[in-house]
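Engineer: Here's a structure for you.
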């Protein structure tokens, strides 16, 4: 299922914000993540968040001093998918660097990561809404099979057979359309995962689709003509 979702969302590449790299684990990061955290931090973040933040923090705290500089923090923010301009990143840092000493301790780092992730989430939600409107030509709140196939063929270089196969796999309720929630799940899956996967339809057209799209993205205009009934 996931591979087909990737195939649908790949045609939205030009709108897609860059996703952050996966946080690598190391023995050093694992040791630090198992250390006890201050109680107030444990109340603000989930155990999973603290583990990921600690691993990422340790990647940049190379001297083990317990603090990182602003430049390292910027790189950490970018690595989780926040591709804002310098002024926006500086504003986030200014908000979390409570003592203003230009060094970020782990507690400040956690606050910055959480804020950055919220910004990325908001950006992704706006992206999903815009993409849904591109497919939903008649603005009735659902994407019909004809609407899906039209966009997929016109701007994703799908042929009829591949477009139909992908739609049928995504239409898990088999009612002939995709709801806004279903579409959001498809695009969120694409934004959060590596798009370099094949569509598992068992058809040679899939490989040709991947070959055509490895090095370029399909343009997505702001306005499209009416989809044929």
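Placed from the backbone N, Cα and C atoms, the Cβ positions cover glycine too.
The region 'Disordered' annotation in Swiss-Prot covers 1-41, 194-229. Residues or ranges marked as compositional bias 'Polar residues' by Swiss-Prot: 21-39. The feature domain 'EF-hand 1' is assigned by Swiss-Prot to 48-83, with sequence analysis given as support. Summarising the annotation, Swiss-Prot assigns Ca(2+) 1 binding site to 61, 63, 65, 72. Per Swiss-Prot, domain 'EF-hand 2' is recorded for 84-119, and the stated evidence type is sequence analysis. Annotated Ca(2+) 2 binding site per Swiss-Prot: 97, 99, 101, 103, 108, in sequence order. Taken from Swiss-Prot, the feature domain 'EF-hand 3' covers 123-158. Here Swiss-Prot flags 136, 138, 140, 147 as Ca(2+) 3 binding site. The feature domain 'EF-hand 4' is assigned by Swiss-Prot to 159-193, with sequence analysis given as support. Residues or ranges marked as compositional bias 'Basic and acidic residues' by Swiss-Prot: 194-217.
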Engineer: Measuring Cα to Cα, tell me the gap between residue 61 (Ca(2+) 1 binding site) and residue 103 (Ca(2+) 2 binding site) in whole angstrom.
Structural biologist: 11
Engineer: Measure from the CA atom of residue 101 (Ca(2+) 2 binding site) to the CA atom of residue 140 (Ca(2+) 3 binding site) and give the result in Å, rounded to a whole number.
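Structural biologist: Their Cα atoms are separated by 53 Å.
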Engineer: In Å, rounded, how far does the Cα of residue 72 (Ca(2+) 1 binding site) sit from the Cα of residue 136 (Ca(2+) 3 binding site)?
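Structural biologist: One finds 42 Å between the Cα atoms of these residues.
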Engineer: For residue 103 (Ca(2+) 2 binding site), what is the secondary structure state per DSSP, taken as helix, strand or coil?
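Structural biologist: Note: residue 103 (Ca(2+) 2 binding site) is in a strand by DSSP.
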Engineer: In the structure shown, which of the binding-site residues 97, 99, 103, 136 has the fewest Cβ neighbours within 10 Å?
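Structural biologist: Lowest Cβ count within 10 Å among the binding-site residues (97, 99, 103, 136) is 99.
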Engineer: Work through the binding-site residues one by one (99, 138, 147) and name whichever has its CA nearest to the CA of residue 65 (Ca(2+) 1 binding site).
Structural biologist: 99
Engineer: Find the one among the binding-site residues 63, 97, 101 whose C-alpha lies closest to that of residue 138 (Ca(2+) 3 binding site).
Structural biologist: 97
Engineer: Out of 63, 136, 147, the binding-site residues in the record, which is closest to residue 101 (Ca(2+) 2 binding site) when you go by Cα distance?
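Structural biologist: Nearest candidate: 63.
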Engineer: In whole Å, how far does the CA atom of residue 136 (Ca(2+) 3 binding site) lie from that of residue 108 (Ca(2+) 2 binding site)?
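Structural biologist: So the alpha carbons of residue 136 (Ca(2+) 3 binding site) and residue 108 (Ca(2+) 2 binding site) sit roughly 42 Å from each other.
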Engineer: Please tell me which one of the binding-site residues listed here (97, 103, 108) sits closest to residue 63 (Ca(2+) 1 binding site), measuring Cα to Cα?
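Structural biologist: Closest by Cα distance to residue 63 (Ca(2+) 1 binding site) among the binding-site residues 97, 103, 108: 103.
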Engineer: Compute the mean position of the Cβ atoms of 97, 99, 101, 103, 108, which form the recorded Ca(2+) 2 site, and then list in sequence order the other residues of that chain whose Cβ is within 8 Å of it.
Structural biologist: 67, 98, 100, 102, 104, 105
Engineer: Counting by DSSP secondary structure, give me helix, strand and coil numbers for the domain 'EF-hand 3' (123-158).
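Structural biologist: The breakdown for the domain 'EF-hand 3' (123-158) reads 25 helix, 3 strand, 8 coil.
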